[in-house]
Amino acid sequence: MKKLKEVTQLNQIIPERVLNDGLKLPVMGFGTGGFKGAAGVKVLTSAMDAGYRLIDTAFNYENEGTVGQAIRQSSVAREDLLICSKLPGRRQAYQEAIVTIEESLYRGGLDYYDLYLIHWPNPRIDLYVEAWQAMIEAKKRGYIRSIGVCNFLPEYNERLIRETGVTPSINQVELHPFYNQEQQRAKDAELGIVTESWSPLGRGHSMLKDEKIGEIAAAHGKTNTQTILRWHIQLGALPIPKASSLKHQAENLDIFDFELSEAEMKAISAFSSEDGRLWGQDPRTHEEL
Ligand SMILES: NC(=O)C1=CN([C@@H]2O[C@H](COP(=O)(O)OP(=O)(O)OC[C@H]3O[C@@H](n4cnc5c(N)ncnc54)[C@H](OP(=O)(O)O)[C@@H]3O)[C@@H](O)[C@H]2O)C=CC1
Ligand SMILES: O=C(O)C(=O)[C@@H](O)[C@H](O)C(=O)CO
């Protein structure tokens, strides 16, 4: 793997990678679930000003407006930011999906989203292919630059590709040391899809204080959180940690000057188990509307 430090450009804290449709994304983004209103705007402008460029929101977070307001207040130009939102499960029927994407744009006060993802597959309802067709159309209309999915098992992605000929650029899935998604990552990579890690820190899980991870972290003069984020990057996954204080935001950005060894990577991956999903959200059965 090319050392990430080598590909970092001037004035750009986070290195970039290229998606299968040519869109360039920072290798780490910023999660926004729960950041709303004036307090949310403050957190988000702080994150943008600190160096985060890829911002992850969703129709269902009810904070696309907060994200839009933060964009207008931050020191960063809109075109230098990559804003991602998501289509809720209850809006997967074709026409509803188109209108929802338009509504997402109005909520954010934006002309376009850089990325838009199907939030959950909800296979029982069986509308995700129709939703995908709407996303393809929304991209053609210029509402979205790049389209992807969340929580899609390999068979769901294969079906999208088979039935529409269009491969998602991103698959955002639960991924952290307790659930390292080894098979999902391999299959995403085979299909040319970048795996993004949601809840990359397990939402403040005890892994942030774990002694074994602490020993690895100490060997590099880093914190557990930095070590876990670095593990995501070296796996080839794209983490989107959330952090409410500038202290944590800055700490989480400071991960591009060290490299974990193969043994250290393996030791962190070894926390994982088959039932390691922290909230039991198996996309086969877990539905979100
Ligand atoms: N597509 C999907 O289905 C899903 C997508 N997501 C997306 O993923 C994003 C990230 O996941 P999320 O569930 O929010 O949780 P994370 O795994 O990002 O964890 C966030 C928690 O970690 C803490 N934290 C962050 N940095 C540090 C640090 N340096 N030291 C100590 N604690 C720290 C935060 O505390 P503090 O605020 O005090 O810094 C917060 O409590 C979401 O916000 C959302 O955008 C999430 C779930 C599902
Ligand atoms: O945060 C998200 O994007 C979700 O999909 C959440 O609903 C998450 O799965 C959750 O918090 C469920 O309790």
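The first residue you see is number 1, and the count goes up from there.
Cβ coordinates come from backbone N, Cα and C, glycine included.
According to TrEMBL, the features are:
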type	residues	note
DOMAIN	29-271	domain 'NADP-dependent oxidoreductase'
ACT_SITE	TYR61	active site, proton donor
SITE	LYS86	site 'Lowers pKa of active site Tyr'
BINDING	HIS119	substrate binding site
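All features noted in TrEMBL, drawn onto the structure.
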residue	record	DSSP (3 states)
TYR61	active site, proton donor	helix
LYS86	site 'Lowers pKa of active site Tyr'	strand
HIS119	substrate binding site	coil
Next item on the list: Among the recorded positions listed here (TYR61, LYS86, HIS119), identify the one with the smallest other-Cβ count within 10 Å.
Entry: TYR61
Checklist line | Pairwise CA distance, LYS86 (site 'Lowers pKa of active site Tyr') versus HIS119 (substrate binding site), rounded so that it is a whole Å | finding: 5
Margin query: Between TYR61 (active site, proton donor) and HIS119 (substrate binding site), how many Å separate their Cα atoms?
Written below: 11
